[in-house]
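Pulled from TrEMBL, these are the features on record:
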TRANSMEM  B:20-39  transmembrane segment
DOMAIN    B:20-438  domain 'DUF112'
TRANSMEM  B:45-69  transmembrane segment
TRANSMEM  B:109-132  transmembrane segment
TRANSMEM  B:138-161  transmembrane segment
TRANSMEM  B:166-184  transmembrane segment
TRANSMEM  B:204-225  transmembrane segment
TRANSMEM  B:252-279  transmembrane segment
TRANSMEM  B:323-342  transmembrane segment
TRANSMEM  B:354-374  transmembrane segment
TRANSMEM  B:386-406  transmembrane segment
TRANSMEM  B:413-441  transmembrane segment
TRANSMEM  B:461-486  transmembrane segment
Amino acid sequence: MKIKSQKDFLSGVLLILVGGAFAIGATNYNFGIAVRPGPGYFPFGLGIILALLGIVVLTSAFTSKRTDGDPIGKIPWRPLLCIVGAIVFFGLALPRLGFVISFPLMIIMTAAGGSEFTWKDAVLNAAILTVMSYLIFIYGLQLTIPLWPALS
Amino acid sequence: MDLIANLSLGFATALSLQNLLYAFIGCLLGTLIGVLPGIGPVATIAMLLPVTYGLSPTTALIMLAGIFYGAQYGGSTTAILVNLPGESSSVVTAIDGYQMARRGKAGTALFTAGFGSFFAGCVATLVLAAFAPALAELAFSFGPADYFSLMVLGLVGAIILSSGSILKAICMILMGLLLGLIGTDVNSGVMRYTFGIPALFDGIDFVCVAMGLFGFAEVISNLSLKDKRETFTNKVSGLWPSMADFKRMLPAVFRGTTLGSVLGILPGGGAVLSSFAAYTFEKKISKYSDEFGKGAIEGVAGPESANNAAAQTSFIPLLTMGIPSNAVMALMVGAMTIHNITPGPQVMQNNPELFWGLIASMWVGNLMLVILNLPMLGVWVKLLTIPYRFLYPAILVFCCIGVYSLNSNVANIYITAILSVFGYVLAKLGCEAAPMLLGFVLGPMMEEYFRRALILSQGSYSTFVTNPISLSLLVATAGLITIMAVPSIKKKRQEAFQED
């Protein structure tokens, strides 16, 4: 047995895992009966169907006529980590450091995810975007966003 | 005449100063984003949602709709001028439009696109106004079983739109439905899959899903590709087409409009599908079929009219039945929900000024776009020279602020971060996010109708097939699946998406 499509193989695995997890999770909830379906009824059914279809996708990975192996390709760690890191950082920092500090830092972090990163561009971009966002969201739309570091 | 009374109510609403202003802002922002490649209409609307939080529901929807068709206009402008379709619905426009531009007829091509879109927009507005009330009337007679089957049909129809494997698309729908069930179950009050996390008690906010799956995942994908965007500016001159061009263009505009209006109403139809269909159709029937690919004016007129007509008529299933037919409409459902409006047939009765105002504003918006676009071409083309490294941080931070301001809760930011990784993994595996978003939006409603149908039928599944409306919808669904499985059609479908 040779995996002829990496993408399909991994998709199948993912689908089975997600479907299975939802179906197993659904067993914690009341099923009810068909006359009065409980909260577990619908997700259990959907989870099972998803897992079954996942098996079909998984098998198709072995029967595929592709010859190139349909590889998933390289994982771009740098953009992935920088961007997700920046988002999480923003979530952590906003309530503590406030918009004025966390916002430009986040922009520099996201900029570091690109392949053409230079400090000059990143800082310039951070400055422009911070001022712009301040004007649009805080001054213009009056969204409630903590501005300065929380002292307590 | 009801129609006239309704339309005048609509125009009175749409022409109020505030609504005009926001329609204008929406069109402007939409065009702006449409011009920029690398961010689609779904991410755009999701990103700009926070701007509408403080507005009245009518104004908010008018603005969002403006963004939507503005994006279409902008997408075709860049498709013609620099062979870069800003949106997937203008992919086919790039084929002949760009060739026309290379032959020095950029102005004519732009005029054709603008005129075709405007004409299609006018017709589609009338179609919407004429058919929507009748359909809503019909929707009132639907029972829970019928609604459930309608949603099945809508979801299956939507996957014609996805370019990859149909099987995987169905899986994505299921996954979306399951994600949609996270949160408190409305019937029993049981918390499902929340792991005790308070931010999940009300379910995952759909803005997080849209931004994670579309905004962030798209940016990560784009960054992993090398930025090799060439930018060059053509001189645009001679907007007005010659009489000969006009004669060739006009019938194509009519055909495109008709095709687009019809395909837009169908579940799963929408701008992308209709522009592909219109292009194929024009190529087939044209006397000049050898010119296609080398700058045939019909190749611009047909698809451009079709995609605009479809963009507008795809509001019909949303406004009358509450069924979104594509990912953009799914966002509209979310936007309406934020403003406490449940999409469905009751919108027309309870909020007539919203319903008709939105319809009228589409026409107003189309007019604005024609006026706005032609003189501002130079500005749009200039925008293309902004390097992506300056753009994407802006996209990301706007999304983050939008997510945070949903309810001033950072938990939403974390949820979005997780979903963006998930979205990226799915994209890597060749699974499309659009069907998932649709499933996510429809999940809770579908479960609700499913349960109600079973309760009404006292637990008998046969209710889904003994009910004539439900039965015919399910038969249509089965037909759709069969058609898509037919080898020759399967091949055609793959070919059509080759250029995607």
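Using N, Cα and C of the backbone, Cβ positions are placed for all residues, glycine too.
Keep in mind the model is a prediction, meaning the values are calculated, not measured.
Only pairs six or more apart in sequence are counted, and the transmembrane segment (B:138-161) with the transmembrane segment (B:323-342) gives three or more Cβ pairs under 8 Å, enough to call it a contact. Outside the transmembrane segment (B:166-184), and at least 6 residues removed from its termini, the chain residues within Cβ reach (under 8 Å) are 155-156, 158-159, 190-194, 200-204, 209, 426, 430-433, 435-444, 446-447, 481, 484-485.
Per-residue confidence over the domain 'DUF112' (B:20-438) averages 80 (mean pLDDT, predicted model). Note on the transmembrane segment (B:323-342): residues 41-42, 45-46, 49, 52-53, 56-57, 60-61, 64-65, 68, 150-151, 154, 157-158, 161, 206-207, 210, 214, 264, 266-272, 314-315, 317, 351, 354, 433-434, 437-438, 440-442 of its chain, located 6 or more positions outside it, place their CB under 8 angstroms from a CB of the stretch.
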